[in-house]
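> Positions annotated as domain '3-hydroxyacyl-CoA dehydrogenase NAD binding' by TrEMBL: 6-180. Here TrEMBL flags Gly10, Gly11, Gly12, Val13, Ile14, Gly15 as NAD(+) binding site. Residues or ranges marked as domain '3-hydroxyacyl-CoA dehydrogenase C-terminal' by TrEMBL: 186-252.
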Amino acid sequence: MNKQVAAIIGGGVIGGGWAARFALNGWDVQIFDPDPQAERKVGEVMANARRSLPGMVDVALPTEGKLTFHDTIAGAVDGAVWVQESVPEQLAIKHTTLAEIQKACSPEAVIGSSTSGFKPSELQEGALRPEQIIVAHPFNPVYLLPLIEVVPTEANTAAFLDGADTILKAMGFYPLRVRKEIDAHIADRFLEAVWREALWLVKDGVATTEEIDNAIRYGFGIRWAQMGLFETYRVAGGEAGMKHFMAQFGPALKWPWTKLMDVPEFTDELVDLIAGQSDDQSGAYSIRELERIRDTNLVSMMRALKAQDWGAGALMNAQEKTLRAGSPLAARVDDLDDVSAPLLTVHRAVPLDWTDYNGHMNEAKYLQAFCDATDRFMEMIGCDAEYISAGGSYFTAETHIRHVNEALAGTVIDVRTQVLSGAGKKMHLFHEMYAGETLLATGEHFLLHVSLKTRRPSEPAPHVLSALERVATAHAALDAPAGMGRAVGQRP
Ligand SMILES: NC(=O)C1=CN([C@@H]2O[C@H](COP(=O)(O)OP(=O)(O)OC[C@H]3O[C@@H](n4cnc5c(N)ncnc54)[C@H](O)[C@@H]3O)[C@@H](O)[C@H]2O)C=CC1
Ligand SMILES: C[N+](C)(C)CC(=O)CC(=O)[O-]
């Protein structure tokens with residue numbers, strides 16, 4: 001099947017991030033950037049994205065698309081369904097680039113601009129087809145953060161905007177439709193206000209760049225990542241909530257807490273002061289190293305939110321549900337004509353938060369992956385959430401894991417499950433974990449069906465038992481897997 005094509009016009013920090021997001025979600029990506037270093041730079045962004053994005057959700061993303069570089073805008077936009085403009089933030093350059101794009105692209109394509117500040121009506125001025133241009137403002141790193149501010153004008157139809165939202169959501173983005181166009185949309189208004197205050201604090205010698213960053217990351221920054229501003233302040237109002245919060249802190253808005261719109265003059269002295277402090281603070285790392293530190297932290301935080309089904313984590317769960325639906329990972333044994341081969345129970349990439357000080361998947365996570373495989377197999381035979389809430393389940397009684405090869409962050413792993421025996425209360429499973437054709441590990445697990453009321457072994461419901469027996473009978477014809485029944489220390 002032909003992949004969908006995205007064109008990236010301008011492959012710098014942001015264009016490179018868009019390219020990675022599209023490619024790792026299975027799109028072919030065609031890039032135009034006049035910088036002779038663009039291919040190397042995008043390659044480095046891709047390398048960081050490959051280690052961080054694929055493992056964010058607990059199911060594999062589509063197979064990575066192809067990245068190609070083109071000498072002209074016309075070449076890059078050929079066949080593109082989405083064209084993302086990410087050239088420098090100057091209106092004249094944006095206009096010339098959008099005109100070039102429109103001369104060659106499909107009239108049906110979405111043209112998104114990454115602009116941080118220009119209004120869509122400014123971008124659409126003098127355009128051949130204003131109705132296909134919108135602001136699609138991302139956040140760095142584009143391959144990990146979900147927010148895209150979608151800012152339309154009246155020229156864009158509802159159907160066109162809904163189509164754009166659908167494409168963005170399928171890639172795990174959160175398209176936030178901005179109701180009225182304004183300079184700098186929504187989020188950059190805040191960022192600029194915070195930045196302005198921070199510049200004053202440094203200029204006035206109140207704090208260094210590092211102290212300001214500490215004030216953010218040890219306090220309100222981490223809080224904002226999960227509840228934003230208003231929900232956080234509602235809680236801060238105590239039992240009386242938002243009204244009490246506003247009564248208490250509203251008057252402070254009139255006190256001289258902030259410098260408001262007053263911008264410190266960008267003298268060489270101020271720039272040198274800030275750049276110097278920033279070098280002292282973070283100069284020991286290269287930018288790519290800082291990006292990797294940032295990505296590891298972001299993935300770990302977002303996956304923690306995923307476990308809580310909250311905020312950015314709830315978005316990831318929604319994307320995962322869509323990716324699972326219709327894949328072999330959604331099938332039940334009763335729906336399958338053929339269960340004679342080991343069954344696919346896990347298909348995912350190794351997430352960054354599964355790796356350890358040895359730079360590979362930590363041993364505890366092999367058990368996690370095999371546990372997920374067992375959960376999935378239980379679901380396949382009908383021991384699903386509904387069955388468990390009615391009081392039946394399986395408990396694991398014994399586990400044996402063999403580590404055969406290592407797996408790095410981003411590696412796609414498959415677990416295939418063979419039923420060694422399944423009768424009555426007993427279920428004996430053998431999981432094999434692969435990266436492509438390479439065996440990474442095996443897990444042998446013996447489980448007993450239990451009643452969650454008595455916490456004692458019990459007979460499974462007939463439909464669960466018959467599905468289990470069907471697979472066990474089919475798998476009885478398979479060879480015994482290598483490593484079955486091994487004890488620790490035994491020679492291969
Ligand atoms: N850096 C950031 O934090 C964010 C930037 N943005 C927006 O994204 C856009 C791009 O910004 P960055 O990626 O940061 O800049 P950048 O300087 O990293 O990249 C711009 C790229 O455009 C290329 N370029 C220059 N003229 C071009 C042309 N005529 N045609 C095609 N490519 C051309 C340059 O070679 C460069 O690779 C801007 O509109 C900016 O406001 C949006 C969100 C965040
Ligand atoms: C600094 N900036 C205005 C370019 C920032 C953005 O537009 C969004 C971001 O990623 O912070």
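Placement of Cβ uses the backbone N, Cα and C atoms for every residue, glycine included.
Give me the lay of the land around each of these features.
There are 17 other CB atoms within 10 A of the CB of Gly12 (NAD(+) binding site), with all protein chains counted.
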> When you measure from the Cβ of Gly10 (NAD(+) binding site), how many other Cβ atoms are you left with inside 10 Å?
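Within a 10 Å radius of the Cβ of Gly10 (NAD(+) binding site) lie 24 other Cβ atoms.
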> Of these binding-site residues, Val13, Ile14, which scores lowest on Cβ atoms within 10 Å?
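Val13, out of the binding-site residues Val13, Ile14, has the fewest neighbouring Cβ atoms within 10 Å.
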> So if I draw a 10 Å sphere around the Cβ of Gly15 (NAD(+) binding site), how many other Cβ atoms end up inside it?
25
> Within 8 Å of the Cβ centroid of the NAD(+) site residues Gly10, Gly11, Gly12, Val13, Ile14, Gly15, which other residues of the same chain have their Cβ?
Ile8, Gly16, Gly17, Trp18, Asp33, Ser86, Val87, Ser114
